[in-house]
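J.: The following block contains the structure, expressed as structure tokens.
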Amino acid sequence: MQDGRTTLSKFLIDTLDRKPGPHAATGLSALLVDVAASIKTIAAALTRGALGGQHGSALSVNTHGEEQKKLDLVTNDIFLQHCEWDGLLAGMVSEEMDGVYAVPEPYPRGEYLLAFDPLDGSSNIDINGVVGSIFSVSRRSASRHEAPSEADFLRPGSEQVAAGYAIYGPATMLVISVGNGTHGFTLERDVGNFVLTHSDIRIPDDSCEFAINVSNERFWEPPVRRYVKECKEGRTGCRAQDFNMRWIASMVAEVHRILMRGGVFMYPRDFKTPEMEGRLRLLYEANPMSFLVEQAGGLSITGRERILDTTPRTLHQRVPVILGSRNEVARIQRYHGEYDRGEDKPFTSPLFNERSLFLPETPV
Ligand code: F6P
């Protein structure tokens, strides 16, 4: 007898296990149920807040030289424990581990690879702010018995077979895509089920909301400065409409807002970060979020290229990220093209502002 609700397991079995044809994703639904179990366990740990005794620094740094919080390590272990035993994974990569974690003996190895950020936005923990987990699943081509290598993980994001995030806010939600749209599930805490509440999420093509850490403005490239300047000018500028700005310092929270009501999120290429590669990590932040955004009708680029077409060179590679409402992201990509071709001088010149005599004749 049906109660009219779709749980995560039912959704996955209907979508993946009963999918006919040669591309049926054997075992993927079971793997995603294990990932969801990690997320429920993390949600329970986070809900205890400071009473859980897991707040504060772990007195260690990760591979990026960033201070690790106790909860960064606890949540990393939760993912490992829930996902290593089921015979579906060959190995895992995470923000909190230097190298590839090959599934150890005595567990059998499977055909999937999992990359994850167990606690995104962890600087929000101490202020009881929103945090999240992000994950990406791909298939390895090599034999399943060998230990996976770095090369197995260094594949473009377009090859992901599933991606998702959990947002730990007033409600815990799991948002996933297995390549047939982006779908949101809300955790029914007293029962322990994820229930489908946001089916086939669509990002509006247009938006008047942008998110960027403006304290980095002096390090940005001219096309990003141009876009943000025009947004700030609002109805007095060439956009002829007012914009809102938001910054939560958690990529999960920003992407979730964009999936719910549109907008643009930018952590662009800048002169502050090493080799100007941006701040966010390609494998377990930018790739899964780009997959979800594209599956919801949005765009996700580095500024110049589609993120999902980027072939990673290293496990912890960083990448500039500009994602969200299709028309806004396309505009920012156009600004990068005009800048690279030297066609944007009237817009980026210091002599140009909305009251200047140098106002270009053709508004963009
Ligand atoms: O490390 C990733 C991250 O925490 C993102 O989730 C977030 O968007 C960003 O860093 C916050 O950066 P900043 O410290 O510049 O606000």
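The count begins at 1 with the first shown residue.
Just so it is clear, glycine is given a Cβ too, placed from its N, Cα and C backbone atoms.
Note that the structure is predicted; figures quoted are calculated from it, not measured.
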J.: Starting from the Mg(2+) 2 binding annotation in TrEMBL that includes D117, D120, which of E254, E275, E277, E285 is the extra site residue?
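T.: For the Mg(2+) 2 site that includes D117, D120, TrEMBL also lists E285.
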J.: Can you find which of E95, E96, E105, E111 TrEMBL lists as binding Mg(2+) 1 at the same site as D117, L119?
T.: E95
J.: Using DSSP and three states only, what is S122 (substrate binding site)?
T.: helix
J.: Under 6 Å from ligand 1 by C-beta, which of these binding-site residues make it: E95, D117, D120, G121, S122, N213? Sequence order, please.
T.: D120, G121, N213
J.: Reduced to three states, what secondary structure does DSSP give E95 (Mg(2+) 1 binding site)?
T.: coil
J.: Just to verify a number: CA distance, S122 (substrate binding site) to E285 (Mg(2+) 2 binding site), in angstrom, no decimals.
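T.: About 14 Å separates the two Cα atoms.
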J.: Under a three-state reading of DSSP, tell me whether D117 (Mg(2+) 1 binding site) is helix, strand or coil.
T.: strand
J.: N213 (substrate binding site) to D117 (Mg(2+) 1 binding site): how many Å between their Cα atoms?
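T.: Counting only the Cα atoms, the answer is 21 Å.
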